[in-house]
Amino acid sequence: MKYCAKSTALLDIKSNIIVSIFEEGELSSAARKIDEISQGYLTGLLESGELTGKIGQIVVLRHLPNYNAQRIFVVGAGKKGEINEKQFKQIIESTIQAVKATKAQQIISYLSDIEIKHRDLYWNIRFSVETIEASFYQFEQFKSKKNEQHITLTEFIFSAEGEVAQQAIEDAKAVALGVKFAKDVANCPPNICHPVYLAEQAKNLAASSALMKTTVLGEKDMAELNMNAYLAVSQGSVNEAQLSIIEYRNHPNPNAKPIVLVGKGLTFDAGGISLKPAEAMDEMKYDMGGAAAVYGVMHALAELQLPLNVIGVLAGCENLPDGHAYRPGDILTTMKGLTVEVLNTDAEGRLVLCDTLTYVERFEPELVIDVATLTGACVVALGAHNSGLISTDDELAEELTQAATETTDKAWRLPLGEEYQEQLKSNFADLANIGGRWGGAITAGAFLSNFTDKYRWAHLDIAGTAWLQGANKGATGRPVPLLVQFLINQAKNK
Ligand code: BES
Ligand code: MN
Ligand code: ZN
């Protein structure tokens, strides 16, 4: 879809137009003009009760008196001045659904004049483009009969002017692209999307951008580095573990310290010897959602070309039970030197991540954010709406929270403290890999924090937010919007 922003005279529109009306019969200024031109056509419909202004109500009008536009989509936009982000997205979703059902090719939208509470024109357009792009997403690679959409719409014009509108379109397109790539790789089945496949995607991405370079470490390389915790998890799988490092360098100072993003990339997590129950086990193909998000963010970066140095790390691995699999009771010596007693092989994410977090010390990071579908406990705590945020750095936590609020890709900070470390004590090693029943999302974060003393660090647990269950089962692409916004903000603050 082509998006642009330009102010357009209502009377010149020969194609299609979208205007809003509010509850209690209030017309938006564009709707009012159309009403005047057509000698009260809209007010007539309001009086008859056909137009209500209720959020998401769409009435498609044609052949209005004195007005040449092919179709007029009149959209209910709720109570004027009281619309929140969620309602606005609902308005855009219903509108685009109605537009898709017609043969409209070009459309000019006046929804950019809807006021969203606490938001400006930038966010109106940004949310619009992201929502429209998401509405076109389908994952049908493995269906022999594709659900052909027959969509004729190719050009979406916002009636708005200025650099802000343009920037909103550019940013939204990059985020949407990142979300799409994250969804594609996350939805891919685990027999196809194994660690080598993930690494191939990382290499292909770098091949398509002059600002990126990808290096892949295999198990032999990891063994030389003593990444024994990571390797232990991979032991039960015939699929080789792969650590992909995607370096994006575009900071005006090439030696500027990089921002490092680490993604948990368990392409399948059966739990290992501590096998998971059969129910919904298929969803553990999404256990690489963190890596998928980091990969998506790197795509967005290639589009936006932000003046930053960013390193995206995909920690690809598979956790299966097998004769060679690691066991409960095993003691592993991590790359950092700390020993870990395995009490549950299903707490594998932290084992893969702890060595990766040590590995990235070599980049002397400005800061490190790891993204992981780490704990079921996080889903119990926060549900599917907020990602769990844990950090040893208040300022970084604040910046991430702000990016989450800005994008509505929500995150909520959980506490961290010595008490939680005590839950990780082992009789036989420096650390146990689980911390008991209570506060499981936090003890997982606390475990990781033992490996992050060399840099500013934050952790996003996306176990509840990375995919949807039920009828709409599928990857969400979260937290790509949050992370891209964080990077946009970092670039601005430079
Ligand atoms: N990948 C899972 C976490 C998960 C569970 C994500 C459910 C999404 C939905 C992780 O590897 C895991 O199995 N964690 C265990 C940890 C436990 C053994 C301490 C869990 O959450 O049950
Ligand atoms: Mn697990
Ligand atoms: Zn896992």
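Backbone N, Cα and C define each Cβ position, glycine as well.
Caution: TrEMBL annotation is automatic and unverified by curators.
Note that the structure is a prediction, hence the values are computed from the model and not measured.
The Mn(2+) 2 binding site annotation in TrEMBL covers Lys264, Asp269, Asp287, Glu348. If you take the C-beta of Asp287 (Mn(2+) 2 binding site) and look for same-chain residues 6 or more apart in sequence within under 8 angstroms, you find Lys264, Leu266, Thr267, Phe268, Asp269, Asn319, Gly349, Thr373.
Positions annotated as Mn(2+) 1 binding site by TrEMBL: Asp269, Asp346, Glu348. All protein chains shown were included, and the count of other CB atoms within 10 Å of the CB of Asp269 (Mn(2+) 2 binding site) stands at 26.
What TrEMBL records for Lys276 (among others) is active site. Annotation note: Lys276 (active site) sits in a coil segment as assigned by DSSP. There are 17 other CB atoms within 10 A of the CB of Lys276 (active site), with all protein chains counted.
For 344-351, the entry in TrEMBL reads domain 'Cytosol aminopeptidase'. For the domain 'Cytosol aminopeptidase' (344-351), same-chain residues at least 6 beyond its ends with a Cβ under 8 Å from one of its own Cβ atoms are 229-230, 232-233, 264, 266, 269, 271-276, 287, 317, 319, 321, 325-328, 332, 372-375, 433-434, 444, 447-448.
Mapped onto three states, the DSSP output places Arg350 (active site) in helix. Residues annotated as active site in TrEMBL: Arg350 (among others).
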Residues flanking the Mn(2+) 2 site, with Cβ no more than 8 Å from the Cβ centroid of Lys264, Asp269, Asp287, Glu348 and excluding those residues themselves: Val233, Gly265, Leu266, Met284, Met288, Cys317, Asn319, Gly349, Val352, Ala372, Thr373, Leu374
Candidates near ligand 3 among the recorded positions Lys264, Asp269, Asp287, Arg350, judged by a Cβ under 6 angstroms: Asp269, Asp287
Recorded positions near Lys276 (active site) (Cα-Cα within 10 Å), from Asp346, Glu348, Arg350: Asp346
Mean of pLDDT values spanning the domain 'Cytosol aminopeptidase' (344-351): 99
DSSP state at Asp269 (Mn(2+) 2 binding site), helix/strand/coil: strand
Under 8 Å by Cβ from Asp346 (Mn(2+) 1 binding site), same chain, sequence gap 6 or more: Asp269, Gly271, Gly272, Ser274, Leu275, Lys276, Asn319
Residues among the binding-site residues Lys264, Asp269, Asp287 that border ligand 1 - Cβ under 6 angstroms, in sequence order: Asp269, Asp287
Asp269, Asp346, Glu348 excluded, remaining Cβ within 8 Å of their centroid (Mn(2+) 1): Val233, Leu266, Ala270, Gly271, Gly272, Ser274, Lys276, Met284, Asp287, Asn319, Thr345, Ala347, Gly349
